[in-house]
Amino acid sequence: MADSLELVIDTIMAREVLDSRGNPTVEAEVLLEGGAIGRSIVPSGASTGAHEAHELRDGGKRYLGKGVLQAVNHIEENIAPALCGLSSLDQATVDSVMKQLDDTDNKSNLGANSILAVSMATARAAANGLGLPLYRYLGGPMSSLLPVPLMNVINGGEHAANNLDFQEFMLVPHGAESFREALRMGAEVFHTLKDLLSQKGLSTAVGDEGGFAPNLESNKAAGDLLMQAIEQAGFKPGEQVSLALDVASTEFYAEGQYCYGGNSYSSEQMVEELAGLVNAFPIVSIEDGLAEDDWDGWRLLTKKLGKNVQLVGDDLFVTNTLRLQRGIDENIANSILIKVNQIGSLTETLEAIELASRSSYTTVISHRSGETEDTTIADLSVATKSGQIKTGSLSRSERVAKYNQLLRIEDELGSQATYAGLVGLGPRGSLKG
């Protein structure tokens, strides 16, 4: 066991690096007195919720305004002096000090990207200082649940330059016996889907998250393709591999109407559209089926589908306990997407997960469309026993890095490892069995 003095924060450094879209992002390194180092890189999103914590960008001509040197400077000039001398084991204090330094509701002074980079790097430094893997440090000795991956194999919306309005069409290989088998199942369907697209003369170019980005007639056509790919790969739709959607409906919502596919829908009509898709396909999860501030629409959707389908709030909740508590109080949605950079610190992320768990809401640990080689969310999914992870398709190294880390964790756990399977989707998952 490391001496407590060895776990004190000695030095904090930061630099500007690139994410998977070639845009700048923040990397932080935390060095402890005993020599242990933690490094973390923050992601960024394309379809960002209006209520997310503020991502600080430089503006100006450099990197077309997307530079993050201000955030880097905040880390080295403001955050580092305040944190050096604190114990890396006291994550809550570290994050609280940064939050107080910023002194805004949305972290707009220092930037959520600067605060989060240091927050995650501190946790990793502490884990390294103790000689523990990150999932074990954050979750304790009982953390052994491997998540079901929600694999985004057809990209649309803000994640691709095609005509699909819905943002993500995902595979859910819940019928596997292990995470390793689930990954194999997803990969086999992914490659079968590529062959199908080629046979139909459709594009096999990939979008931001590594899924294919073909032009298709409709959202239903994407569902038909996935069903065909699942069957041709030798799996049973609904029994072994189901589907999930990220509608990202805020992106096409304006003046009380949902406008896509050449049509305009009221909230009530949008709910019926989604119900029709659920009846047509084995859909176990729908993310952001309604817009981020259409609370009345969300109420209708939850009443209509909430007993049988996981209804995930992403833009709706933005990993924020205040918005999640409103959803809980008003019986809206039944699941929350967890994105560390939406709220901007590890402590607040864990608080959101804890609130969801206490309230019988499922959690889905998620990447962003602008990702990096950082694998923190893989460890976080195991540490928190979330049971579900979204980290893209079966291509692009920044996506596959998280899958590979989960493979390592599963191997390390050995016989202790449990694959979440359908149970990972909570009560609604069991209804699908």
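Glycine is no exception: its Cβ is also placed from the backbone N, Cα and C atoms.
Under the heading active site, proton donor, Swiss-Prot lists Glu209.
Feature annotation from Swiss-Prot assigns active site, proton acceptor to Lys339; the stated evidence is sequence analysis.
According to Swiss-Prot, the feature (2R)-2-phosphoglycerate binding site maps to Gln167, Lys339, Arg368, Ser369, Lys390, an assignment based on sequence analysis. Of all the Cβ atoms in the protein chains shown, 27 others lie within 10 Å of the Cβ of Arg368 ((2R)-2-phosphoglycerate binding site).
Feature annotation from Swiss-Prot assigns Mg(2+) binding site to Asp246, Glu287, Asp314; the stated evidence is sequence analysis. A simple way to gauge crowding: the CB of Asp314 (Mg(2+) binding site) has 29 other CB atoms within 10 angstroms, across all the protein chains here. A coil conformation is recorded for Asp314 (Mg(2+) binding site) in the three-state DSSP classification, outside any helix or strand.
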- request: Return the member of Glu209, Asp246, Glu287, Asp314, Lys339 nearest to Gln167 ((2R)-2-phosphoglycerate binding site) in space, with distance defined Cα to Cα and candidates limited to these recorded positions.
  value: Asp246
Message: Given the recorded positions Glu209, Asp246, Glu287, Asp314, Lys339, find the one whose Cα is closest in space to the Cα of Ser369 ((2R)-2-phosphoglycerate binding site).
response: Glu209
Field: Nearest of the recorded positions (Glu209, Lys339, Arg368, Lys390) to Glu287 (Mg(2+) binding site) - Cα to Cα
entry: Lys390
- prompt: Hey, of Glu209, Asp314, Arg368, which of those recorded positions are within 10 Å of Lys339 (active site, proton acceptor), Cα to Cα?
  reply: Asp314, Arg368
